[in-house]
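What TrEMBL records for 1-21 is region 'Disordered'. Among the features that TrEMBL reports, compositional bias 'Low complexity' is placed at 8-17. Among the features that TrEMBL reports, substrate binding site is placed at Ala138, Asn219, Ala220, Arg227, His256, Leu312, Ser313, Gly314. As annotated by TrEMBL, active site, proton donor/acceptor applies to Asp278.
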Amino acid sequence: GSRERGHAGAPGSAAGLPAPPALLGSGGSRCAAGRARRGPRCSSSPTAASCGAGRCSGGFGVDFSQAAEDVGSGVALVAQRILSHGVTSFCPTLVTSPPEVYHKVLPQIPVKSGGPHGAGVLGVHLEGPFISREKRGAHPEAHLRSFEANAFQDVLDTYGSLDNVCIVTLAPELGRSHEVIQALTARGICVSLGHSVADLRAAEEAVQSGASFITHLFNAMLPFHHRDPGIVGLLTSDRLPPGRHIFYGMIADGMHTNPAALRIAHRAHPQGLVLVTDAVPALGLGNGRHTLGQQEVEVDGLTAYVAGTHTLSGSIAPMDVCVRHFLQATGCSVESALEAASLHPAQLLGLEKRKGTLDFGADADFVVLDDSLHVRATYISGELVWQAEEARQ
């Protein structure tokens, strides 16, 4: 019969224990994170925010940025549906919104372990409102903000409690951003650079202050220029703190990033690449008009645009589709493609001891894939939480 590959679950997906006997090759070979020896491959993959460490603004009609009373049930629906795409944990994303929305929604999205009910929630990704007006993309201009005189206190006033937050995307060229970056990282929150017109020096200074991620590389930032490569230049910068390297999100849906650009980024800095879905609420709903935060978007195929414009507002390609496209576009190894959706996001979030690995002692989150990398089954904490219909027979 066809071989099957075991792959550690998304960043929330924990692939930490050796695969059970059913996942091992006939020779009984063990699987190491991302590097199978013989027999079926086991690789760890915290798939999600992206949804994985990436970003997921919703899906299946759910918009995390809508100030509804039952945001929790919407998150639960998405968490359950993405199990079929091999996501074991993820970071729900809130796009730019007014303060009252953050104050109402954030307390309703607590960090939560995954299980049969759905993928785990690693923490919320706040994308905006402290971003560039020029590179706002689909973010509503009326709700964008800059850091005022009180800097970090203004951040707290905008978001309210940060207890459930794990990633904040901001534009580093905004005044007093370095104070904010230092304050956020001191709280254990990952700071990501994006929706920005920053030059390379400003980006490097942000990393020196603690920033560690780039939100959807190439999208919503200055294009690469040989005299000032901008944020993109961080991939090969020699001015990063010793022992540190930058992680960067890539939307590998075939629309947001040209395959040649994917290859350039991957070959320049493969260890930092994190696959993200950039999934919007229309994921799973098909073509037509849907909402994204305070905006209306129009879906055509795998792409979402701000209604009535040609401005991209997100993707409706799930994580497993992104992994397959990334593999095909870059020609990288299967292990590298899977690590970009598991080990790397886990490392970004400081979860590599538990997630994104098949080492002893880690969470037993993993995904069983066929040779074409279609998901056959998803496990969280060693428990089967989703199985393809054909795999049940």
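Residue 1 is the first one shown; counting continues down the chain.
Note that Cβ sites are derived from N, Cα and C of the backbone, with glycine treated the same way.
You'll find the Cα of Asp278 (active site, proton donor/acceptor) roughly 10 Å from the Cα of His256 (substrate binding site). Between the listed binding-site residues, namely Arg227, His256, the fewest other CB atoms within 10 angstroms of a CB are found at Arg227.
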